[in-house]
Amino acid sequence: MTWHPHANRAKTFLLLAVFSGLIVAVGAMFGRNIMFLAVLFALGMNAYVYFNSDKLALRAMHAQPVNEMQAPVMYKIVRELATTARQPMPRLYISDTAAPNAFATGRNPRNSAVCCTTGILQMLNERELRAVLGHELSHVYNRDILISCVAGAMASVITALANLAFFASMFGGNRDGGTNPFAILLVSLLGPIAATVIRLAVSRSREYQADQSGAELTGDPLALASALRKISSGVERAPLPPEPQLADQAHLMIANPFRAGEKIGKLFATHPPMADRIARLEAMAGRGPGQY
């Protein structure tokens with residue numbers, strides 16, 4: 001199977017290009033020294049996240065590894081999908097929580113893990129579970145962890161630039177160019193917000209792509225639509241607790257793990273609107289397998 005993100009890939013790269021332009025613009029305003037420190041900081045921090053993304057996410061969810069005897073249905077489905085995609089079998093984990101969700105993590109297919117909660121395993125039938133696991137495997141095969149880390153690094157650069165420039169202005173300003181202190185204050189306030197908005201837009205774009213790629217892998221977009229409906233209502237009944245370490249991993253989940261009332265708007269959402277995702281999957285089913 002060939003993994004091709006279609007229009008969502010173009011959208012992702014466009015957003016990353018906007019990120020790059022924002023970094024250059026902000027860096028030019030504050031000078032090379034501050035920009036160098038910000039880039040160095042961001043690269044170091046996100047390199048750590050990239051190489052340890054699986055450990056961080058699995059630890060936050062208190063996930064435990066499982067084998068074929070412990071989770072026969074989940075193991076069978078993942079093995080079949082990995083074989084279909086001609087990709088390595090990921091490590092499998094289960095998180096003992098009633099909150100219905102699933103996520104994939106790992107820097108590449110050979111170093112990947114897929115985790116389901118006990119809540120989602122109890123809620124979905126086998127067809128729906130297969131669709132969810134296809135979605136999660138697509139995140140791995142489309143290298144979404146790498147893309148997420150690149151977007152995160154760029155956001156960190158902009159935030160670090162804004163913070164460093166703000167403190168530099170407090171202790172003598174920008175000696176290289178005499179930048180207006182009001183401009184520094186404005187960028188210090190708006191830069192991190194803009195970076196967060198773009199990073200979350202990248203995350204939402206990757207969710208749309210995983211829905212599409214997962215439906216192509218399983219050949220059953222309606223099963224994923226059905227699963228998303230159940231997960232959405234299930235999260236309202238049994239959300240994850242709003243703890244900082246869980247909030248940091250929310251973008252990895254197949255659905256926002258917190259109640260809808262706790263969202264603060266589409267621009268700051270980690271996931272696209274559930275109704276929109278379901279509508280797209282139903283449209284895929286209407287086109288037929290040969291025209292996805």
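Note: Cβ is positioned from N, Cα and C throughout, glycine not excepted.
The transmembrane segment annotation in Swiss-Prot covers 10-30 (among others), and the record cites sequence analysis as its basis.
If you look up Swiss-Prot, you'll see 33-53 (among others) marked as transmembrane segment, on the strength of sequence analysis.
Feature annotation from Swiss-Prot assigns Zn(2+) binding site to His135, His139, Glu207; the stated evidence is sequence analysis. Using a 10 Å radius centred on the Cβ of His139 (Zn(2+) binding site) and all shown protein chains, the other Cβ atoms total 26.
According to Swiss-Prot, the active site annotation covers Glu136. Counting every protein chain shown, the number of other Cβ atoms lying within 10 Å of the Cβ of Glu136 (active site) is 25.
According to Swiss-Prot, the feature transmembrane segment maps to 145-165 (among others).
Look at Swiss-Prot and you will find 182-202 (among others) tagged as transmembrane segment.
Proximity of His135 (Zn(2+) binding site) to non-local residues of its own chain (separation of 6 or more, Cβ distance below 8 Å) is seen for Ala102, Ala210, Asp211, Ser213, Gly214, Ala215, Leu224, Ile254, given in sequence order. Summary of the Zn(2+) site environment: with the site residues His135, His139, Glu207 set aside, the chain residues having Cβ atoms within 8 Å of the Cβ mean position are Ala104, Glu136, Ser138, Asp144, Arg206, Gln209, Ala210, Asp211, Ser213, Gly214, Ile254.
Every protein chain considered, the tally of other Cβ atoms within 10 Å of the Cβ of Glu207 (Zn(2+) binding site) stands at 23. In the three-state DSSP classification, Glu207 (Zn(2+) binding site) falls within a helix.
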